[in-house]
Amino acid sequence: MPYLLAALSALLWSGNFVVGKGASLVIPPISLGYFRWLTACIILLPFSYRLFKGQGKIILANKGYIVLIGLLGVAMFNTLIYTAVHYTSAINAILVNSFIPISILIVSFFMFGEKISLLKMLGILISFSGVIIVLTEGNPFLLFALNVNRGDILVLIAGFCWAFYSNLLKKYPKELNPVVFMQCIAVVGLIILTPFVMIENFVLDKQIQIGVLTFFSIAYTGIFASLAAFLSWNRAVREVGASKVAPFIHLMPVFGSILAVIFLGETFAAYHFAGIAAVFSGIFLATKY
């Protein structure tokens with residue numbers, strides 16, 4: 001069951017990249033992230049409200065932890081992804097994002113002292129070379145010219161935010177109800193994003209265009225990419241650990257690329273295949289040995 005939930009999360013998050021790219025013409029990135037989580041909060045409230053009884057002391061005792069999780073997993077990760085797809089393709093974003101299992105291993109090493117064998121280290125290097133191939137469109141010399149797509153870099157940064165988020169879930173207080181926890185981190189994310197969404201709309205004058213695509217994008221990201229995916233992922237991590245469910249992230253390039261080709265008309269280039277082969281080979285070495 002935990003592995004099925006992890007696979008479901010990968011499918012729903014793959015759609016998140018495609019929807020984020022499709023919505024980039026009608027809704028600015030911070031606004032999409034904000035209304036995504038506002039939708040999730042509203043839907044969760046009738047369920048979480050009844051569960052808050054007796055949880056107040058637990059929430060207060062873990063307030064710092066909840067704020068950090070909300071910052072990394074709600075505010076930063078999603079805003080970075082939605083900003084990234086304004087500058088890069090959904091396929092590129094998904095492929096760079098597939099480096100997350102390696103990011104989780106690296107963060108696990110620094111946070112919890114998890115041992116990294118020589119084969120794991122080799123896997124990390126091979127996987128990272130795959131990311132470099134995608135970042136530079138098959139020409140690594142572009143790194144020396146600092147001519148790398150900013151969107152791809154933002155996805156890489158977002159991946160490390162997610163790695164910290166996933167590893168911090170190891171410290172999840174078991175007495176805290178998962179639905180209440182989800183409501184809390186969503187509220188934290190909204191509070192953090194509020195001043196930025198105000199600046200985006202009223203200072204930078206990046207207005208939301210009301211229409212069917214806007215409503216669909218907010219609905220999908222709020223219900224499926226937020227509630228269903230996060231609850232599924234969090235439960236899977238709690239049951240078997242971050243390192244065991246991390247490999248399911250690399251289902252995302254498969255799901256996401258198919259969705260991007262079908263719905264966005266994007267195409268796969270030769271460097272995409274080379275990059276994904278290197279990333280997957282590295283992940284296999286890093287997670288199996």
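Using the three backbone atoms N, Cα and C, a Cβ is placed for every residue, glycine included.
Unlike curated records, TrEMBL annotations are generated automatically.
As given in TrEMBL:
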- 3-135: domain 'EamA' (DOMAIN)
- 34-52: transmembrane segment (TRANSMEM)
- 64-85: transmembrane segment (TRANSMEM)
- 91-111: transmembrane segment (TRANSMEM)
- 118-135: transmembrane segment (TRANSMEM)
- 141-164: transmembrane segment (TRANSMEM)
- 150-286: domain 'EamA' (DOMAIN)
- 176-198: transmembrane segment (TRANSMEM)
- 210-233: transmembrane segment (TRANSMEM)
- 245-264: transmembrane segment (TRANSMEM)
- 270-287: transmembrane segment (TRANSMEM)
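Across the domain 'EamA' (3-135), DSSP classifies residues as 111 helix, 0 strand, 22 coil. The stretches the transmembrane segment (91-111) and the transmembrane segment (270-287) meet in space: the count of Cβ pairs below 8 angstroms, excluding pairs fewer than 6 apart in sequence, reaches at least three. With helix defined as DSSP H, G or I and strand as E or B, the domain 'EamA' (150-286) counts 117 helix, 0 strand, 20 coil.
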